[in-house]
Amino acid sequence: MDDISTADRTGVVFLKAVSWFLGLVYVLCWSLSFYPQPLLNFRRRSTHGTSIDFPTLNVLGFVAYTISTGAFLYSSTIRNQYAAKHPLSPVPTVRVNDFVFALHGAVLCIITYSQFFPKLWGFTAGRRQGASLLIIGIFWGCVFGVLGVTFIVGSKENGGEYDGRRWAWIDVIYAISYVKLVCTVVKYCPQAWLNYKRKSTVGWSIGQILLDFVGGVLSIMQLIIDSSLQADWSGVTGNPAKFALANISIIFDIIFMLQHYVLYTEKRAASDLSTIAEEEEVDDDRWKNRDEERPLVTAEH
């Protein structure tokens with residue numbers, strides 16, 4: 001009996017160590033994935049080949065992700081309300097590495113977005129490059145949606161003990177975490193469509209996709225291990241943003257890898273920059289009528 005107990009304790013310690021290692025590696029992969037695209041833009045002195053819709057939603061998504069992970073980690077109010085809502089697994093599965101990754105990602109996303117403004121970096125940008133009306137609508141829809149939930153919670157909050165059923169501040173944090181989820185679902189679509197229209201992935205870094213893919217797989221593995229250690233899978237359902245984020249990212253990563261390594265290899269091999277620039281000026285009418293598009297912030301070229 002003692003041998004079984006010792007074996008169980010050893011197994012738990014081992015799984016905790018594996019979870020810690022997976023967290024370390026996946027946050028490293030995901031953190032490094034932010035560098036290939038801005039470095040490629042810097043090397044080419046151009047943002048041709050990258051849809052501005054992608055960094056636009058990335059900025060919003062990672063700012064939201066930073067806020068939500070920070071709240072689950074460091075807000076006693078949110079942690080207490082989480083425990084009341086999930087009594088069988090009262091500790092959020094958000095880790096410090098999640099917060100570090102989110103904060104670092106937000107900073108790098110802002111830098112990448114800024115590269116689309118020629119006055120800041122002097123890079124060559126698309127002649128009519130601006131976020132689409134659909135992306136602008138999603139951007140502000142997410143912002144006002146969170147403000148709406150905040151207003152509801154503020155009007156119903158009575159300061160009493162939280163029972164896990166009524167509106168509370170944790171619902172605001174969940175709303176913010178869903179902003180990241182919405183951004184992740186949508187942000188890849190314009191880039192995948194742009195690659196399809198151009199029949200090329202030149203200007204779109206495959207390095208970020210490979211690192212993102214590895215990080216996504218390891219993130220899911222860590223979340224599964226953490227939930228199994230608590231013997232309660234509400235550790236997954238209680239942190240839907242992290243679980244869905246990794247799955248959605250993996251699907252799009254596979255699409256981009258197929259585009260890069262299988263579908264559009266010939267154009268990638270003939271990567272003459274002047275030819276690419278001319279093609280991208282024509283194909284800049286991506287995924288919807290560009291005459292209807294407006295930038296979030298006007299950038300004078």
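Numbering starts at 1 and runs along the chain as displayed.
The backbone N, Cα and C atoms fix where each Cβ goes, and this holds for glycine too.
Worth saying up front: this structure is predicted, and the values here are computed from it rather than measured.
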(message) Can you identify, from 56-79, 80-103, the stretch that TrEMBL calls transmembrane segment?
(response) 56-79
(request) Counting only CB pairs under 8 A, let me know which of 56-79, 167-189, 201-225, 245-264 has the most with the transmembrane segment (12-35). (result) 201-225
(request) Quickly jot the same-chain residues contacting the transmembrane segment (245-264) by Cβ under 8 Å, restricted to those at least six beyond its ends, or write none. (result) 180-181, 184-185, 188, 191-192, 195-196, 199-201, 204, 206, 209-210, 212-213, 215-217, 219-220, 223
